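Over in TrEMBL, the protein carries these features:
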- 1-23: signal peptide (SIGNAL)
- 25-136: domain 'Ig-like' (DOMAIN)
- 191-271: domain 'Ig-like' (DOMAIN)
- 280-374: domain 'Ig-like' (DOMAIN)
- 382-467: domain 'Ig-like' (DOMAIN)
- 475-560: domain 'Ig-like' (DOMAIN)
- 572-596: transmembrane segment (TRANSMEM)
Amino acid sequence: MPPSDSSWVVFVRLWLTLPVVKTAPQSVISLEPPWTSFFQGETVTLTCYGSGFNLPQKTKWYKNNMAPREIQRPTLKVHVPGVYKCQADNLLPSIPVHLNFHKGSLVLQAPPAVFEGDSVVLRCRAKGTIAQKSLTFYKNGVALKTSRQGSELYIHHANLRDDDEYHCAVDVWYRAWSSNKVKIQVQALFPRPVLTARPSQPIDGSPVTLTCHTQLSAQRSADQIQFCFFRNLQVLKSGCSNSSEFHIPAIWTEDSMWYLCSAEAMNAQVSKQSLAFKIPVQRAFADFQIHTVPGSKLVFEGQMLLFNCSVKGVPGPIRFSWYKRDKMNKETKIPKSSEAEFKTSMVNSSDSGDYYCEANNSRRSFVSQAVPITIKVPVSQPVLTLSTGKPRALEGELMTLHCKSLRGSPRIQYEFYYEDVFLEINSMLSGGGASFNFSMTTARSGNYYCTADNGLGAQRSEAVWISVIVPVSHPVLTLGVPGAQAAVGDVVELHCEALRGSPPILYHFYHQNVTLGSSLAPSGGRGSFNFSVTAEHSGNYFCEADNGRGPQSSDMLALSVMDMIKNRSVPVAAGITGGLLVVAGVAAGVLFYCWFSRKAGGKPAFDDSRNSSYSEPQEPTYYNVPVCIELQPVYSNDPEEEVIYTQVRRPTEMRTSSGL
């Protein structure tokens, strides 16, 4: 691009958009420089913007309506002629831009869009040494006489009549040059406004909103428009403003006149006026709606009663009044009821009657139809009581449920339920309530409730939980030990379980009739107690189960505790017992041998002929046999096995008769 002359180089961005669509924002494309015609070899930079003129994350570029090319950069440098448009992210594509690159020596540059009221600049550029002082501009083929020579042609305050074709030329004695032709199409800055009224046919005395409808072109959306409203060619009240709406608080039949509006673009000094139209004002017709809370015309005593009066067709402001007509046709104005809503916090029987409202707009009054209200006394929430007074009963016990509503118009119908299952129905003319009898079983445990209804709405009592108590059965005590038998230091766990009985069940554990501890089973089942045993824990154990209906005890269970370190009961007993058996065996053998030897010598060991009167002792005869052998045990201790062994030895010398 040739060096720029500060007299004609202006840094401008021209925003090109379609008319704004609220539901689908459109992409915006800008050109730099802001022209559409260039010399061949020059470059123009296109920039794509998203909503709010923010740079997009991704951009699609279109050329000559061909398939888009997606790039990450929002800018695109162009030096090839064509029709370009962009799409920022997921917005709608921008309007197309026609770019031309010319081979000639002259090029006429113009902005791509011209609006009425704009000051337009046409720029004629020349290559090389072409003398621009002989440059001439042409409009529709006719040379224009300008007040000054230069490369720019100014069109002040363009209007819709300036829809012409321009070009520039240089003519010297030896040669002539002509530029490209540019068609200037002046667009409307905004359309002629249209005035509307909302509502279009207002009621006498009702408010009206006038709206002057027009819209700036999307390319000039930054311009400001001032709106003025007129009635019979007279400016209404506040005059002109930037708002396209004008509010009339109340319009009357005498205000049925001609209305119009005007819109003026302040920057471009373009003003347009709407067509005048007449607003038809309708006579008022009252359409009342009275809403009550509660919605039924039967109101319960003690309830809040709320009236709300709404009226259509009556212009405001409206002042309301409330009236009541009793059974004697006596009408009374209700004090402090000047609003559309009237409330009685707590009604009683004297509030029965016919109610109506009156609407007044300072010109006339309108009266609604009467609404009859009847005050009734509904049943109160019933109370369910038990004959026993307690929510727990023994299995087989007779239970009586009594249901009573303290307030309510007769007749009252009572119904009894168990876990939402219907049991029985009773109707009572008096206020004594109703009863239901049944025998308690384990299957009858659960929630019971009753309902009371006198046709004005059923009421349900609070649920009462009745549990059937089953006494505990004879519990079973079991032991849990780590091995076959308990030794000192072992942890022993006692388990006590009553197979039948209502929870919660409290278990007590005893050793030799001394309490060891307790365990609570809130949901039934078994209880447990564990402890580390000592030698003193040998003995009898039992447990006791109790759920408040009499305790039950288990059978006795014996536990023997062995002390492996102190007493060495098992190995020592085994060693001593083995040793004694050996000694006893040897001794028995020796005695048998002595007896047999005497029998062999012909003399018995004892003389049967001797009697108790024979006093002389007779010395026995000993043989050279081990008749009297003294058995001497010898003990030894193996330090590894910690067992005491016993050994029996014979003396080396045999005792004889001479040695005695």
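Cβ coordinates come from backbone N, Cα and C, glycine included.
Automatic prediction, not curation, is the source of TrEMBL annotations.
Since the structure is predicted, the reported quantities are computational estimates derived from the model, not experimental observations.
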Between 0 and 100, where does the mean pLDDT of the domain 'Ig-like' (475-560) sit?
88
DSSP helix/strand/coil residue counts for the domain 'Ig-like' (25-136):
6 helix, 56 strand, 50 coil
Secondary structure content of the domain 'Ig-like' (475-560), with strand meaning DSSP E or B:
3 helix, 49 strand, 34 coil
